[in-house]
Structures are given as C-alpha cells and as structure tokens.
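If you check TrEMBL, you get these features:
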{"type": "DOMAIN", "residues": "513-675", "note": "domain 'STAS'"}
{"type": "TRANSMEM", "residues": "92-117", "note": "transmembrane segment"}
{"type": "TRANSMEM", "residues": "164-184", "note": "transmembrane segment"}
{"type": "TRANSMEM", "residues": "247-266", "note": "transmembrane segment"}
{"type": "TRANSMEM", "residues": "278-296", "note": "transmembrane segment"}
{"type": "TRANSMEM", "residues": "331-351", "note": "transmembrane segment"}
{"type": "TRANSMEM", "residues": "403-423", "note": "transmembrane segment"}
{"type": "TRANSMEM", "residues": "457-482", "note": "transmembrane segment"}
Amino acid sequence: MSASVAVYRNIYTEDRFKQAFGSEDSTNGSLRLRERLTGRCRCSRRAWLHLLRDRVPIFSWLPRYRLKKWILGDTVAGLTVGVLHIPQGMAFALLTSVAPIFGLYTSFFPVVLYMFFGTGRHVSTGTFAVVSLMTGSVVEQLVPTPLEMNSSSSQADEFEAQRIAVASAVALLSGIIMLCMFGLQLGFLSTYLSEPIVKAFTSAAAFHVTVSQLQSMLGLRLSRHTGTFSLFKTLASVMENLPHTNMAELLISLVCLAVLVPVKEINMRYKQRLRTPIPVEILTVILATVVAYASSLDSAYSIEIVGHIPAGFPRPRMPALNAFPEIAGDTIAITFVGYAVSVSLAMIYADKHGYSIHPNQELLAHGISNTVSSFFTCFPSSATLATTNILESAGGYTQLSGLFASLVVLIVLLLIGPLFYFLPKAVLACINVTSLRQMFLQFQDLPELWRISKIDFMVWVVTWLSVVVLNVDLGLAIGVVFSMMTVICRTQRAGCSVLGRASNTEIYRPLEKHRKCYEVPGVKILTYNGPIYYGNRSFFREEISRLLGLTPEKIRSQEKARKALEKREREATINTVDRGIANTLFSSENEIFKSETSENDVQAVLIDCSSVTFVDVAGARLFTQTCTECQKVGICVYLANCNESVLKILTSSGLMNYMNPQHIFVTVHDAVMYIQQQTEKPSESTTTVWV
C-alpha cells in the first residue's frame, strides 16, 4: 500500500522565508552571547565545583561508584593488567633503549595519574610498542650504543643515565605539547589521523619492532640503525652476522615463542570462557629467571641478562632539557601517534559501553601523565592495545582498575624487582614480538576496506609501505599528507550534474542516473557536490560552461546581437515618436530573435547549492562572473538550498549587485514553480506552489 502527500503553500524566497520564520535579529544574539560569556566568567562555589569535576573527572565518577556491582570486576581486571604490565614494561624498555627498570616506572606513574584525569573507563595506559620504538630511535641518535663497553663499570651507569635523561626529555616535551594543545582546545587534530592511517601505521611499525628484536633473540651485539631504510639496514646487519649467533639465546627464544604463541592464541579464542586470560608472560619471565639462575647461563653461555634492578621508588631527576632543540621534531610525531592511538582506543570502548569521552580532557590527562612522570625517569606513555583489550575482557568497569594495576607494579618495584636479575633479555624480546599479534592481524581488514572504499585502501597501502620502507615518523607524515591529498582531490573533482524532475513530485534527481526524470523546459537545473573554493573554481567553471554551452564565441556573438537589437530598438522608438509610424519590419525581426532564443536556448539556470558546504572569496567571485556571463546571453540565474554561511559570503561579495535578491529560493521546487509562472503568466503575481 503506497501513501501519497499533497502540499499547498506559498512560494518562498530566502528573504520571504526569513521574514516568516527567521530568528531574532543579531543584536539580541550578541546580547545572549554577552550574557553567556558573563555567566562563564563569574566566580562562584558552584562554578568552581563544576570546573573541578570537568578537569579532574575522578571527583565526578567516584562519588557515584557502585561498590557492590563494580568492585569485583575492577579488582580482577586491574590485577590481571598489572601482572601483564611487569613483563611488557621491561620488554618495551628495551625498545626505548633504556634499562628494564625504567619500563616498570613508566608502567606505574602514568597509570596512577590517568586514573585521576582520564575519561576513558576501559583505557589502560603505560608502555606502548610503537611509542617506545619511536622514542628509542631518538635515544639512539643522541646517545648511540658503543660496540664495546664494560657493563659493570661506572661508565655504563653514566651511559644509562644519559639515555634515560633523553627519553625523559622526550616525555616532558611531549607532555608540554599536549598541555599546550589542551589550552588551545586542539583535541580535534586527532581526527586527521584517520582509521586507515592508524591501522596501517601500527601494522607497519610492528615490523620495525620485530626486526629490531631479532638481534636480542639471536644473541647478536649490534648497533641499532636509525633514519630512513633502517629496517633494511638492520636486516642486512643481522644476516651478515648470523654466523655469530649465540645458540643458547636462540634456543631460549625458540622455547619462549613455542610457549607464548599457543597460549596467547588460546587466550584470544577462548576469552569468552576464561574469566581472566592466562598470564603466560609473567609465568615465562619467572620460569626463565629461575632456569637462568640455576644453570648460570650468563657465565656459562654468555647470554645477555637484565642485570641489577634497584628496589624502591626512583628519585626525582631533571630530564635533559638541553636536548629539546634536537628532539623537537621527533617528539611532535611521537605526541600525535600516542594521542591518536589513545583517543581511538578510548572512543572504541566508549561507543561499545555507551558513554562518551572528551578528546580535550584526554589531552590534559596524557599531558599531565607524561609531564609529571618525566621527572621520575619515565619515557613517553600512552594507551596500549593489548592491556586495554584485556582490561575490558576481564570485566573492568571504571578507571579504578588502574589503582589495582599500579599496586601490582608497586609491589614489584618495592620488593620483587631485584629477583629478576638473571632474566635473559631474549625472553623480553620474545614478549615484545608476540605482543604485536593484534597489529599483524590488521591485514585482515584489507579485503573489506577494498570493498567499501578503494581510496581508503590506497591510504592504508601507501602509509604501510612508507613506514616500512622509509621510517616510522617519515612514513606517518607521508600517510597523513597522502590522506589529505585524497580529500583535496575529491573536492577538486566533485561532480556537477543536471537535475530532472520526477513526474508529479517535487523530487529532483541527476538525469544520468534517473532516466525517467525529465528536464524542465527552458530551465537548466545544476547541482555541484562539493565546496567551491580557489582549488576547484576552474573545474566548476568548466563544468558550468560545458553544461550550459557557454563558449567565449557564443557569449561574444550573443552579446553583439543583443547590443545590435537594443540599438535598433532605440532607433525604432525615436522614429515612432518623430513620425508616429510603427516599424513593422523591426517588430517582426524582434519576434523572430525572441522565438529563436526561447526555442533553442536555456532561458534560466537554477543552481542547487544543497551540496555546497562552503564558498570562499574566489568561489564567490566565480558566482558573480557566471551570473554576468549568463546575463550577456539572456539567461537568468537562480539559486536554491543555500546554507547560511554560503549565502552570507555570496551576499557580502556583492553578488546581489548582479543578481535579483528575489531569485534565491528555499528549495529547488519553489524556484521552478516561480520560473514557470513567470514564463506562462508574466503579468500575474502568483504566490502558491502545489506539490
């Protein structure tokens, strides 16, 4: 059963519609704006409490905490994530080219601070492989690893101090950048790292992480390569030194991979049945430490071990502030990557569980976390993929789970840390590689991405290849630029179509896709599906000229004919007045010219601006130029469906000096009805439209 609708109303131009349904004048709007600003600037106890809850969200969610319902889930999830933080923190410290103890510090301080300032209930912060890898590249550039150095000497302690000072400086500068972005309310910048860019970037960075860990898994003592083509340089160096592989460390790596990979697969496949995932990483660390200690593997087979891990809290230490000029460029890239990944994860789980996060508040939370943590010898932190997924699947409800996770790390820092002295570094390298499983699996999204959007598929591929072939930060920049170029190209080549009307309706659709729609006689209805600005004005003009047939020769000939007609009309008028005799010959010629014009040419062009999102000065001037050219060949120009910003710019640019303001209509159908009525009954003033 089909339904029908009939509407009988007035024809509305923009001016008439504003008079009938418009809002109050701008003076009242300015008064309301002044009142809102005055209200925000007032100091009161209520305003201070509101500001405190906004900037320190723990004061908002903690009083409403459902103790009986949420405490068990937060406790179990927090303890599970805390156990995972220990091996991952030490492993990712190797990626950062600092001692493992600093990974434990980075797994503690940012977690506590985010609990106070973060808005993501299911976000787990700490060490992240990609951020650690990028930070490690900066550390290696400024404090390169010497090939020969006595690890027990004071020189080694000074070397480690220099490295963590640089890594902490990166964290401090990253935190300062985030705080400045928060002050400027620039949280929206994370949107420029689209989902294909983030996924391709993290997937490609996983290859860099894997290749960088090969030397630890094989027991090779090689210098770390940085800069462009670093992945291939590292692979070449590893292949060249394969004969020097430490067989004991290779065996340890193979055994660890044989344990870690299957158990992680079990955790992933049966995560719905398992109350908590099997803590295979910490079990592997404990077992490897016991075996290495009992067998004296470090002295018997010269395997590389973690070494001394001091117990207790770190003393506050000033980062290497003098390194700011050298690390500024890399730190900006690290900041954007860390923030984009953190906000993306927070939004994914916020949408899944039905709450909202605030991107600008996330800037403040991660900015404070990195800034404060940098004074306690921490390197840059962010939300992490693996621990966030485990936190949510283990039943976490709120940020309070971070408290229990940090308690586990605190116990290790105060009591258990020194017991990991004999832990082989090859085990940490294996943990690094196996933690990248989710990033490698992102290749599975490519077929669906190709089906949905081939342009996004190209963005994914270009970003991935750039990161793998060139470098992490340079590849990310290329991916962002390429993504922006695709957006610009799509706006530059937006389609311009001729609209036709569906019979007995007010619906207008492109003729090339709707064969049964018909073109209104004498009226060319055009629509442009994109903004009109300096970048695409030439294309827009070419399309308009092609569809209307406005060639320069035609404009000149028509204008010349019109001027000749006007001149002869003036002469005929003078002769009629002087002699009192009508010039019948001219009258017949005039009628012939008008009949040819009405039969063969378009009398009116109507531009549907419903898809024109914005117009700049160049686009507004193009409208004026188009209007002038159409008038030269006797075509009237009409506009419809202009949004407020487009209409304001067109009006301010002086378009109304070349166009009748009453030729701007609310809808396409209003304009068509008006044009048809003016053509059929020019002497009458009909103000109704029937649909």
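Each residue's number is its place along the chain shown, starting with 1.
Keep in mind that glycine also has a Cβ here, set from the backbone N, Cα and C atoms.
Automated prediction, rather than curation, is the source of TrEMBL annotations.
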Result, the transmembrane segment (457-482) in contact with the transmembrane segment (164-184) (3+ CB pairs under 8 Å): no
Dominant neighbour of the transmembrane segment (92-117) in 247-266, 331-351, 403-423, 457-482, by Cβ pairs under 8 Å: 403-423
Contact set, same chain, for the transmembrane segment (247-266): CB under 8 Å, 6 or more residues outside the stretch: 216-219, 278, 280-281, 284, 288, 297, 301-304, 424, 426-427, 429-431, 433-434, 437
For the transmembrane segment (457-482), sequence-distant contacts whose Cβ falls under 8 Å of one of its Cβ atoms, 6 or more beyond its ends: 130, 133-134, 137, 192-194, 196-197, 199-201, 203-205, 207-208, 226-232, 329-330, 333-334, 336-337, 445-446, 449-450
Local confidence of the domain 'STAS' (513-675) - pLDDT mean: 78
